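Below is one structure, written out as structure tokens, with a few remarks after it.
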Amino acid sequence: MAAMKSIVPLVMLTVLVAQSQLITQSEAQTCSASLANLNACAPFVVLGAATTPSSDCCTALQSVDHECLCNTLRIASRVPAQCNLPPLSCGGKLSWTNC
């Protein structure tokens with residue numbers, strides 16, 4: 001019986017860890033799907049593009065979770081260094097307010 005009492009907390013911990021990993025995977029899939037919807041904004045983020053985004057772009061941007069978008073921008077900002085390139089310098093000020 002004592003062995004059973006010592007196993008129960010271990011089993012509960014294992015279940016909690018597994019559940020948190022499933023939640024994290026689900027959040028990542030939701031984030032990826034939301035980011036894929038931002039393809040509607042692609043025509044508006046190239047040089048010489050129209051200055052007013054479409055309603056589809058605005059709707060897609062509104063539906064993306066703030067943390068999802070900020071995390072993606074943070075990850076993207078590290079890519080040049082990981083490719084042994086200097087950091088990007090865009091001139092002017094870029095604001096990642098609340099990221």
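Glycine is no exception: its Cβ is also placed from the backbone N, Cα and C atoms.
According to Swiss-Prot, the disulfide bond annotation covers Cys31-Cys68 (among others), on the basis of similarity to another entry. When other Cβ atoms within 10 Å of the Cβ of Cys68 (disulfide bond) are tallied across all protein chains shown, the result is 18.
Secondary structure at Cys57 (disulfide bond), as computed by DSSP, is helix. Listed in sequence order, Leu38, Ala40, Cys41, Phe44 are the same-chain residues at least 6 apart in sequence whose CB falls under 8 Å from the CB of Cys57 (disulfide bond). What Swiss-Prot records for Cys41-Cys57 (among others) is disulfide bond.
Taken from Swiss-Prot, the feature disulfide bond applies to Cys58-Cys83 (among others). Less than 8 angstroms from the CB of Cys58 (disulfide bond) sits no same-chain residue that is six or more residues away.
For Cys70 (disulfide bond), the number of other Cβ atoms no farther than 10 Å from its own Cβ, over all displayed protein chains, is 15. Here Swiss-Prot flags Cys70-Cys90 (among others) as disulfide bond.
Residues or ranges marked as signal peptide in Swiss-Prot: 1-22.
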With an 8 Å cut-off on Cβ-Cβ distance and a minimum sequence separation of at least 6, pull the same-chain contacts of Cys31 (disulfide bond), or say none.
Val64, Asp65, Cys68, Asn71, Thr72
Sorry to bug you, but what's the C-alpha spacing from Cys83 (disulfide bond) to Cys70 (disulfide bond), rounded to the closest Å?
21
For Cys83 (disulfide bond), the number of other Cβ atoms found within 10 Å of its own Cβ:
7
